[in-house]
Amino acid sequence: MRSTRRRQADAAEPSSTMNAVAAPSTAEDTSTQSPTVVTLSKIEGPTLKKSEPRRDVRSKLPKPIQFPLVAILSLSLSALGYSLTWPYTKGVIAAHARLLNTWIEVGLVFGWRIFELALGWFGNYDGYDLTALNLLSHGPPLYLLFAHYDTPPSSLLLTLAIESLATYIPFRLLRPLSTAHGKPSAAPNAEIVADTSIALITTFLAGCIYSVSLLFAYATYLPTYLVVYFENLPSVARAHESSYIGLLPATLALGFAAWAFLFTPAEATGRTPADAENEAFDPEAASLAETVRWNFWGWSTQTKVVMQRTALLMLVTGVNTFLQARLTLAGVESAGAAAWASVWVLAAAITGLALGVVGSA
């Protein structure tokens with residue numbers, strides 16, 4: 001009997017030992033499975049964060065302070081740029097410069113600068129638009145200094161760079177680029193907007209228009225105005241010696257700016273409900289007022305964009321060129337400043353018309 005009980009006890013001990021060993025294995029299985037759950041939770045976290053939409057920090061600025069901030073930044077950058085480069089910019093043309101003698105003249109110059117920025121800001125233009133407009137409106141007075149005041153090109157290019165950056169940086173910081181400039185491939189008519197060959201052709205066309213306009217003025221009325229209404233003008237030789245090839249470096253730059261400011265935004269304008277209304281217009285059922293309105297303003301949205309931008313370009317170019325010539329250069333009379341400005345206003349009008357025709361073809 002005792003031997004039988006010992007055998008049963010001995011047989012029971014291994015089974016208990018096996019149970020004891022089996023228990024940890026279950027714990028180990030549980031422990032090996034739990035990290036898998038933790039790993040899955042770590043993968044899900046970043047996935048959710050990546051799907052969150054990005055927000056534009058600039059949109060948090062209150063709208064009432066955005067334009068004053070643009071104006072302050074632009075004037076500050078311009079003043080800083082000229083103070084750092086005075087010997088190479090303002091100092092070079094000091095011999096021909098005219099001091100602003102009255103507060104009215106100071107107000108005209110600085111007030112016009114603020115008005116330029118306001119036109120761009122409240123007209124919903126982006127940094128590329130304003131930079132192109134700045135080049136088109138500041139190019140004529142700078143070319144006057146180069147052609148007839150013997151100013152070094154390096155000084156004029158540096159001046160243009162300061163003015164362009166002082167305009168571009170504030171707008172780029174506070175307003176995103178339009179689709180036409182930021183991502184042309186995603187804009188309406190992307191096959192035209194993003195096409196390099198079309199950009200080159202339209203740039204060359206606009207540049208040729210500016211060249212022909214200036215040469216036409218040199219061949220007709222402009223030399224007389226330069227001699228009579230520009231006192232102590234150093235040279236009028238370029239009025240008789242200029243050629244198409246000689247003008248191309250300057251006019252092609254203006255042509256590129258015209259392409260960016262006039263052609264690209266117009267082509268990137270898609271169809272709107274107003275286009276459908278114009279196409280469905282029935283002159284027989286319309287009133288006299290509706291018919292007159294349709295005849296004068298029944299253009300497509302794309303054509304309206306070209307017309308509005310061309311009118312803005314003519315205004316800004318004409319006023320800026322006149323003020324810069326009349327108030328900042330010594331010996332220039334109002335008639336002479338108006339004659340010089342008229343050349344570039346005419347060129348802007350013809351360029352807008354030509355690019356509008358090309359875009360609608």
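Each residue, glycine too, has its Cβ placed from N, Cα and C.
Features of the protein shown, as given by TrEMBL:
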COMPBIAS  27-39  compositional bias 'Polar residues'
COMPBIAS  47-57  compositional bias 'Basic and acidic residues'
REGION    1-57  region 'Disordered'
TRANSMEM  65-84  transmembrane segment
TRANSMEM  192-222  transmembrane segment
TRANSMEM  242-263  transmembrane segment
TRANSMEM  311-332  transmembrane segment
TRANSMEM  338-358  transmembrane segment
Recorded stretches the transmembrane segment (192-222) and the transmembrane segment (65-84) touching, at least 3 CB pairs under 8 Å: no
Long-range neighbours of the transmembrane segment (338-358), counting only residues six or more past its ends (CB under 8 A): 136, 139-140, 144, 202, 205-206, 209-210, 213-214, 217, 221-222, 225-226, 229, 255, 258-259, 262-263, 266, 303, 306-307, 309-310, 313-314, 317-319, 321-322, 325
Cβ contacts under 8 Å made by the transmembrane segment (311-332) with residues that lie 6+ beyond its boundaries: 96-98, 100, 105, 108-109, 112, 116, 119, 123, 133, 136-138, 140-141, 144-145, 149, 229-233, 258, 261-262, 338, 340-342, 344-345, 348-349, 352
